[in-house]
Amino acid sequence: MKKVQVKVIREEGVELPKYETEGSAGMDVRANIKESITLKSLERILVPTGLKVAIPEGYEIQVRPRSGLAIKHGITMLNTPGTVDSDYRGELKVIVVNLSNEAYTIEPNERIGQFVLNKIEQIEFVEVEELDSTERGESGFGHTGK
């Protein structure tokens, strides 16, 4: 398992992110808030996690929504997946949005998202006159049907 250094600046009682099952790809991350926050319909907010991390070079952390919050309450994230770069050292925060028609209250220590550690590789673009051809060609959105 890859080790990632973390500086914790969380409120008392807020748990560190953890994998909820043995096969989980993402670690559930919690709201580092002292008091409940109520999001009105279509409102968005930046929720602190209380964590600063030192991601190893060549990796990123992706910030993703939790499927249960999305299907049950219409709560998801903007800028999904969000990328945390290896050279960022500030507090990790999550952009939460309420897409439902009803207000939703985020409680202190509530699981609000997931962190997934991914290996990345930087690329360099090389300008060419023509690209090699493929069977698909330039067929884009909806090219395979419904």
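For all residues, glycine too, the Cβ spot is worked out from N, Cα and C.
The substrate binding site feature in Swiss-Prot is assigned to Arg66, Ser67, Gly68, Asn79, Thr83, Val84, Asp85, Lys93.
Cβ neighbour density within 10 Å is lowest for Lys93 among the binding-site residues Arg66, Lys93.
When Cβ atoms from all protein chains are considered, those within 10 Å of Val84 (substrate binding site) total 20, not counting its own.
The Cβ of Asp85 (substrate binding site) has 11 other Cβ atoms within 10 Å, all protein chains considered. Packing around Gly68 (substrate binding site) is summarised by its Cβ count: 10 other Cβ atoms lie within 10 angstroms of its Cβ, all protein chains included.
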